Amino acid sequence: MSSGGLLLLLGLLTLWAELTPVSSKDRPEFCELPPDRGTCMGFLQAFYYNPSQKGCLPFMFGGCKANPNNFKTLEECKRTCAA
């Protein structure tokens, strides 16, 4: 196989690994925590994993001292917690 073909294969495998959902057995335990607004008074949109709905949902984050089930983007939440 040519080096171009190997690079293409490597790229496709990397893409597949990034898009493959996290299985529930591999999901970090913090994904089960409820959304935590934190102790600050800001109004920042963040995302958390909701285990009963098996998906990521938005919530208002205060800006500091929240639990780890808190993501800046929907994509980051899905990549980390969604099955």
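First residue shown is number 1, and so on along the chain.
Backbone N, Cα and C define each Cβ position, glycine as well.
Pulled from Swiss-Prot:
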- 1-24: signal peptide (SIGNAL)
- C31-C81: disulfide bond (DISULFID)
- 31-81: domain 'BPTI/Kunitz inhibitor' (DOMAIN)
- C40-C64: disulfide bond (DISULFID)
- C56-C77: disulfide bond (DISULFID)
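Nearest to C77 (disulfide bond) in space, judged by Cα atoms and limited to the disulfide-bonded residues C31, C40, C64, is C31.
Annotation: C81 carries the greatest number of neighbouring Cβ atoms among the disulfide-bonded residues C40, C56, C81 [cut-off 10 Å, Cβ to Cβ]. Over all protein chains present, the Cβ of C77 (disulfide bond) has 23 other Cβ atoms lying within 10 Å. Residue with the densest Cβ environment among the disulfide-bonded residues C31, C64: C31, by other Cβ atoms within 10 Å. Per-residue confidence over the domain 'BPTI/Kunitz inhibitor' (31-81) averages out at a pLDDT of 95. When the Cα atoms are compared, C40 (disulfide bond) and C31 (disulfide bond) turn out to be 22 Å apart.
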